[in-house]
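Each remark here refers to the structure printed beneath this line.
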Amino acid sequence: MVPHGKELSEDLKKRIVALHKDGLGYKRIAKTLKLSCSTVAKTIQRFNRTGSTQNRPHHGRHKKLSARAQRHIQRLSLGNRCMSAASIAAEVEGVGGQPVSAQTIRRTLHQIGLHGCHPRRKPLLKMMHKKARSLLKTSRLRTWITGTYSQTWWWECHGVGLH
């Protein structure tokens, strides 16, 4: 269960247990310490069950990367958008000394809001495209030399060849 509010201090928890041992009820303790009745009840029930007022250790795996390491990964990625996750992992390992997988780097970047992308592939030029480009270059050069650039430019844009 996830806590909904601020965690109680150990000192306050011990005061709740001490007041309960003195014979006070949940409502009276809650009113005295200005807490909710359910908070007092849960604290006392935990003490009766475990014999301690301390919280249990949290569940789940601990994060491998600190907040500082995550910022370092973000800076590296934004500095060079073509950098691969494996190369970022190698650089982070060199700085931090802790081995990090490329998948951890990808997951971290995804959580930050940076997603991987591949550059769009340019279609290969066919022979007719290459000829058209060479004709266009030579015709532009010819029109620039003769001084009729503005007139022939319109013809080239609309697919009409030069005379």
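Glycine residues also receive a Cβ, built from the backbone N, Cα and C atoms like all the rest.
Same-chain neighbours of the compositional bias 'Basic residues' (56-69): 50, 92, 96, 98, 100, 104, 108, counting only residues six or more beyond its ends whose CB sits under 8 Å from a CB of the stretch. The annotation compositional bias 'Basic residues' is assigned in TrEMBL to 56-69.
DSSP places the residues of the domain 'Sleeping Beauty transposase HTH' (5-54) in helix, strand and coil in these numbers: 34 helix, 0 strand, 16 coil. Residues or ranges marked as domain 'Sleeping Beauty transposase HTH' by TrEMBL: 5-54.
The domain 'Transposase Tc1-like' annotation in TrEMBL covers 70-133. The average pLDDT the prediction assigns to the domain 'Transposase Tc1-like' (70-133) is 86.
Taken from TrEMBL, the feature region 'Disordered' applies to 47-69.
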